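According to Swiss-Prot, the feature active site, proton donor/acceptor maps to Asp92, Lys182. For Lys153, the entry in Swiss-Prot reads active site, schiff-base intermediate with acetaldehyde.
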Amino acid sequence: MSILNFNKLIDHTNLKANATYEEIERLCHEAIEYGFFSVCVNPAYIRTAKKILLKSPVKVCTVVDFPLGQTFSEQKVYEAKTSIKMGADEIDMVINIPELINGCACVIDEIRQVKKVCGEKILKVIVETALLNEEQIRKATLACIDGGADFIKTSTGFSTRGASLNDIKIMQQASQNKILIKASGGISTARELIEFVKVGADRIGTSRSVKLMQELKTMDLAK
């Protein structure tokens, strides 16, 4: 892959609680300009993003029960269903972390319920690796596979740390290529982006997408 093609792996993200209409509008226009795979926005901005991106190939991604994952499964199903009706192409849902750590089968059932309403739309399950040990990351990966998720995602970006290369390696080894992997949170340089893709990340979530692409372009020109 040419380093300039990394744009197609990026979910260009703004999930700030105080994100303004102007910031989301700029996010969408940047995604069009740089050819990012999607924009990832809070549900309140789905319609805004969809309207701006309507004639472009850029997808609209949103979040469910973000960033804590602590609401009822029924509420997560409702949020996902409503988000898709509003125009979301992809759903990033936060799992119930304590139940995941406790090994509750309800986690798998919750993923299945949300995936059912997603249908052919993409479901990514956020497991917040900062709060898990290595064995729990392995179990989380298997739970996402059993629940029928399309992706397992490392982080919300709101916890004690974002993605690590070791997180991706563990997920890759545990999954045996049965699920895609999204790395998000804290990826701030082009070299980090390249390393995450090398170890197995299929998608990258970042708010620094434009900076990364500019760095990648410089690296490409320096060859």
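Here, residue 1 is simply the first one shown, and the rest follow in order.
Backbone N, Cα and C define each Cβ position, glycine as well.
The secondary structure of the residue listed as 'active site, schiff-base intermediate with acetaldehyde', as reduced to three states from DSSP, is extended strand.
Summarising the environment of Lys182 (active site, proton donor/acceptor), the number of other Cβ atoms within 10 Å of its Cβ, over all protein chains shown, is 29.
Asp92 (active site, proton donor/acceptor) sits 8 Å from the residue listed as 'active site, schiff-base intermediate with acetaldehyde', counting Cα to Cα.
The active-site residues in question are Asp92, Lys153, and the one with the fewest Cβ neighbours inside 10 Å is Asp92.
Here the CA atom of Lys182 (active site, proton donor/acceptor) lies 5 Å from the CA atom of the residue listed as 'active site, schiff-base intermediate with acetaldehyde'.
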